């Protein structure tokens, strides 16, 4: 795919995501999360595995990192049932462990762990942020923005459209959250499906002064509708943006064995959703959290690259400085 075609594809994905999120926020969010999300999680995990999860020479091997991440992810998934607050600790631990892919000093890592734990006593909502918002909005939206900016910085060609896409990605949520729209009463299927997300969605709606009720009146509250429009948009675009990266992912180079495993697990997750949305939710929640935790070393890598590369964009080459 040519660079221009890639930017056009991203622009169309942005427009399509905005339209779908505006017209049917609840249905769009549930559909993409349940039936598109698992395929994204599985294909990204397979891709990260080929890259050794960007873990490099950390304090543990990539394989051990995957095992630890899987166990912590399992603890986080169980926490959805027992509500013991384990998810925040699980994500916090893997955050520090994944940081070792960039930071080799064990004392710095220990200090980061202590600071992260201490923050819960001084920062209101810290546990919710680490355990719920970071693996969802942080991963789906913030890191998507950072990856797009990273690609823009790496590229030698920067057409106008390449700048338009990140600007739209940042601006669209303000429109979606604040716009006013009337919706028909959603069916019971969609309302039941939303109940698995109601704690986080209700918290977000509360930040906007709303009160989300996971029943047929869910879209009647402006703040709740705004939150669902925002979430539908960022999730749909996150998935579309991933599948559009044909040059990066090289789908035609993926082995038949990998495809067979991905498609088998994907079919199983969809079957669970069709049988029981609650069962499907727990399975996809595990896959979703796992792919977030396994991607963390890449997130640190991207953040480090941007922190060092962006300042260089504004520096003149040495030969220009010498003649100035």
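Any Cβ shown, glycine's included, is placed from N, Cα and C.
What TrEMBL records for 12-34, 54-74, 86-103, 123-148, 160-181, 218-237, 258-284 is transmembrane segment.
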In contact by Cβ distance (the transmembrane segment (12-34), the transmembrane segment (54-74); 3 or more pairs under 8 Å):
no
Do any residues of this chain, six or more beyond the ends of the transmembrane segment (160-181), have a C-beta under 8 angstroms from a C-beta of it, and if so which?
3-4, 7-8, 10-11, 14, 17-18, 21-22, 141, 144-145, 148-149, 152, 208, 222, 225-227, 229-230, 233-234, 237
Selection from 12-34, 123-148, 258-284, the stretch that has most Cβ pairs under 8 A to the transmembrane segment (218-237):
12-34
Other than its close neighbours in sequence, what residues sit by the transmembrane segment (123-148), given a CB gap under 8 Å and a spacing of at least six beyond its ends?
10, 76, 85, 87-92, 95, 116, 165-166, 169-170, 173, 199-200, 203, 231, 234-235, 237-238, 241, 288-289, 292-293, 295, 299, 302-303, 306
Can you tell me which parts of the same chain pack against the transmembrane segment (258-284), counting only residues 6+ beyond its ends and a CB-CB cutoff under 8 A?
33-35, 37-39, 41-43, 46, 77, 80-81, 189, 192-193, 196
